[in-house]
């Protein structure tokens with residue numbers, strides 16, 4: 001980096017950087033029709049009105065879709081205490097493999113689905129995939145052995161692989177950075193809502209006895225058909241982008257685009273750029289996101305598949321276990337929204353993520369060390385609920401990715417890489433709980449302790465990298481304006497956001513600042 005006295009060298013470097021930005025700047029033609037070179041001021045009242053107009057279309061569809069995905073994916077957990085293991089003659093680790101094969105499907109579908117999301121209308125592509133997995137869930141009622149269950153679970157994973165990447169794209173497309181953390185937690189906490197609603201549905205289906213159709217088969221049929229109906233609705237109701245939203249007038253479209261200008265993450269660009277793909281692969285920050293996904297899902301995935309079996313091992317009946325999903329779902333919602341609110345309030349997402357691991361570690365320690373008996377089953381249940389704090393890590397990782405990665409090709413590559421890590425973690429997670437270790441699964445919980453340590457180490461590394469990048473960007477911006485380089489962080493800097501829609505990556509855009 002040039003010293004202040006070497007003014008000529010500094011100007012030469014600045015010129016090279018400016019030329020590089022001009023070479024890579026590529027504003028999408030649809031955005032060009034609505035977004036000017038400079039920003040437009042939007043007052044608070046107008047901003048709130050736009051925010052709620054967007055929620056009516058975007059948030060409503062994200063909540064419903066993620067609820068359907070969580071519910072459909074969780075049917076195996078509900079069916080585990082509805083005699084599916086005996087009816088399908090599942091032996092040994094075969095039940096665990098049903099949890100694993102779902103994420104093998106996600107793993108296979110992740111890269112092509114992210115490429116397609118950059119090129120195709122988001123809402124139409126999402127709607128088609130939701131309809132397909134609804135059909136798969138309904139067809140699951142016809143399965144009768146391990147092989148057929150493996151087939152439908154694999155297909156379910158392939159079709160569901162588009163959901164989280166599509167939502168991250170939609171969240172960064174429609175919402176400001178400050179809004180994204182809480183918004184991400186809202187659709188992610190549908191995991192908790194599905195535990196509550198799914199628990200009631202499963203409880204009702206459990207009473208369907210004495211018929212040729214088994215209770216778990218009825219559950220698959222009802223949920224599959226309901227998902228297909230929802231898919232048709234979102235295909236009609238959900239707009240593809242602010243530019244193509246027929247439900248908004250031209251002035252609203254322009255303002256909706258302007259309100260996300262300061263994100264510096266752009267809205268869309270359908271041109272594939274190889275240099276952005278390579279930047280994503282070489283970026284150590286992206287690899288931190290991947291490892292955070294892996295170390296978190298290795299815990300979350302196992303708890304999700306085995307939660308009902310773990311709780312029933314405390315001494316609860318299978319009907320009580322289904323009803324206790326309601327309380328578990330409520331806890332999940334509270335910790336997810338609470339974590340996102342704290343992250344937004346403090347503007348320190350990584351630190352809140354560290355704090356949220358503590359209850360999970362304590363709960364895991366109690367379950368590991370205390371043998372279950374009728375006197376302590378409530379205490380063990382509370383300890384298990386403490387482990388649910390770790391579920392909030394998932395949505396906070398998503399919010400960091402949506403806010404901190406710019407350049408549409410880099411973003412699609414990053415999403416593919418991180419969700420391959422997400423799928424790999426979830427795919428492996430059920431294997432941590434071995435059938436021979438039932439009912440306490442102490443070896444599995446020992447592995448969780450190790451994963452908590454690794455997660456926190458990767459999180460520390462990520463935050464250090466982001467802090468250093470912000471310092472360098474602020475120093476370079478100051479040097480370009482004053483001819484001096486400041487080594488300290490400035491909180492009063494003024495950014496014009498002239499490159500917000502130029503499809504530059506977060507590293508090459510001088511106006512981009514990383515959220516911590």
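Every residue, even glycine, has its Cβ placed from backbone N, Cα and C.
Here the structure is a predicted model, which means the values were calculated and not measured.
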Exercise. Examine the ranges 260-285, 286-311, 416-441 and name the one recorded by TrEMBL as transmembrane segment.
Key: 286-311
Practice problem: Identify the transmembrane segment range according to TrEMBL, selecting from 150-174, 475-499. | Solution: 150-174
Practice problem: Report, as numbers and ranges, every residue of the chain located at least six residues beyond the transmembrane segment (323-343) whose Cβ falls under 8 Å of a Cβ in that stretch; write 'none' if there are none. | Solution: 78, 181-182, 184-186, 188-189, 191-200, 202-203, 307-308, 311, 316, 349, 352-353, 355-356, 381, 384-385, 388-389, 391-392, 395-396, 399
Quiz item: Is the transmembrane segment (218-238) in contact with the transmembrane segment (445-466), using three or more Cβ pairs under 8 angstroms as the rule and ignoring pairs under 6 apart in sequence?
Solution: no
Quiz item: Do at least three CB pairs under 8 A connect the transmembrane segment (382-401) and the transmembrane segment (186-206), leaving out pairs fewer than 6 apart in sequence?
Solution: yes
Quiz item: Quick one: do the transmembrane segment (125-144) and the transmembrane segment (286-311) have at least 3 Cβ pairs under 8 Å, skipping pairs fewer than 6 apart in sequence?
Solution: no
Self-check item: Surrounding residues of the transmembrane segment (382-401) on its own chain - C-beta under 8 Å, 6+ positions past either end
Solution: 164, 167-168, 180-181, 184-185, 188-189, 191-192, 289, 292-293, 296-297, 299-300, 303, 307, 310-311, 314, 327-328, 331-332, 335-336, 338-340, 343, 349-350, 352-353, 356-360, 362-364, 366-367, 370, 414-415, 418, 455, 462, 515
